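Participant: Got a structure for you, written out below as structure tokens; questions coming shortly.
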Amino acid sequence: MLTKRIIPCLDIKNGRTVKGVNFLDLRDAGNPVELAQFYAENGADELVFLDISATEEKRKTLANLVLHVAEKVNIPFTVGGGISSVEDVDVLLQCGADKVSINSSAVKRPELINELSAKFGSQCVVVAIDAKQVDGEWKVHLVGGKVATELNLFDWAKEVEKRGAGETLFTSMNNDGTKNGFANEALAKLSEDLNIPIIASGGAGRMQHFADTFKEGKADAALAASVFHFKEIAIPELKEFLNDEAILVRM
Amino acid sequence: MKSKEQKSSPVGGNKGGLVIINYGAGNIQSIKFAIQRLGFEAKLSDDPEEIQQADKVIFPGVGEASSAMKKLKATGLDQLIPELTQPVLGICLGMQLMCKHSEEGDTKGLGIFDVEVKRFSNQVKVPQIGWNQISNLQTELFQGIKEQEFMYLVHSFYAEKCDEMISETTYDVAYASALKKNNFFGVQFHPEKSSQAGERILDNFLNINI
């Protein structure tokens, strides 16, 4: 049977990991390749690299990083952060990325989703959606939740699927950073509305939160950063826990 | 780091090496790197002569079936591949193109495997993305791989169960996640992305002698 996926997310700036990862016995804690290898060897099902740098050399640095990750890491990985054209994606896929994740650029120009899925196949197009619940309505936000749009989360998610996204990564800005659990109600509705896999993001704090998002939120995968990077949750233990909760995971 | 098993022999044979068919459809870099991690070198090529002389051939593929088939036809590879006599491994769309026909774009395949490729129903999420299990494992391709091992899969279409099936997976229906006929192998999953077990399958392929 298909298993639920656990996905650590690595924030990257100028080719280095941003968040503290000093718990690991790595020679170089800021080296994304070493961190990726550590996670791959310790039960992660996939990895996401989110590039938050804003330099001129960004494209080149990111492509170079992707090449080094692909060389060393034997599980799939997604690359996101500032990707806005077919050419950007072409370079990253050629360097060995399995999927790319687009966010603001898809909101600004939704045709990009069609173009990418037509050229590279929907399987490598992840559309990330950041949304915040404002007065009872889920509104899509941009720039890490800072800029509100008029788009309704569920309408946008359906459009994203129709345009050819292979997966969607939903981050609840209300939950992100709270460590109080994922936005399971919205996630469950997304899962009902859409027929593509949904990755839950934002709010992971305890192992129970992962079980909840798979059961109540009907998520296909769960993404988290700090709980893994600060070793608050170790993936092998998390998987044992989920297995005991009768949730299918790769052991 | 866990220690890797020692490699017994170079890519069976000794002249043409391993060639990954490069026809502009897919993530070939990952396959090349996985082969490197096993201690071998792979050549990327679309040159018929080079492919013909290889000791082993990997036929990758990601994307849409009919456009990939067009690319094969444009270079005459659709004629060449079924004629190959050395071990050939089709991966993902590569495996599907080796079948008789695919529902995707109503595409006539290379006809190596006598099986139809169909789309998953909307009873399940499509594409299937993630780790699923392989069982009923047959042939030396799966030597050292345990039943119910997990492999990484990304696909919307699947090969039906058939006589040529050497591994079975269930999603929506039970289907063939690997096929074999004579010197031709095909796997729906991505061994190059399936952790150590996937690398073992690639290694097994590299050590096959026909």
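Cβ from N, Cα, C; glycine included.
So TrEMBL lists these for the protein:
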type     : residues : note
DOMAIN   : B:19-206 : domain 'Glutamine amidotransferase'
ACT_SITE : B:CYS92  : active site, nucleophile
ACT_SITE : B:HIS190 : active site
ACT_SITE : B:GLU192 : active site
Participant: Tell me the Cβ neighbour count for B:GLU192 (active site), meaning other Cβ atoms within 10 Å of its Cβ, over all protein chains shown.
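Facilitator: Step by step: centre on the Cβ of B:GLU192 (active site), count other Cβ atoms within 10 Å, giving 29.
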Participant: Roughly how many Å separate the Cα of B:GLU192 (active site) from that of B:CYS92 (active site, nucleophile), to the nearest whole number?
Facilitator: 11
Participant: Of B:CYS92, B:HIS190, which of the active-site residues has the most Cβ neighbours inside 10 Å?
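Facilitator: The residue with the densest Cβ neighbourhood is B:CYS92.
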Participant: May I ask for the distance between B:CYS92 (active site, nucleophile) and B:HIS190 (active site), taken between their Cα atoms and rounded to an integer number of Å?
Facilitator: 7
Participant: Can you give the mean pLDDT for the domain 'Glutamine amidotransferase' (B:19-206), rounded to a whole number?
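Facilitator: Mean pLDDT, the domain 'Glutamine amidotransferase' (B:19-206): 95.
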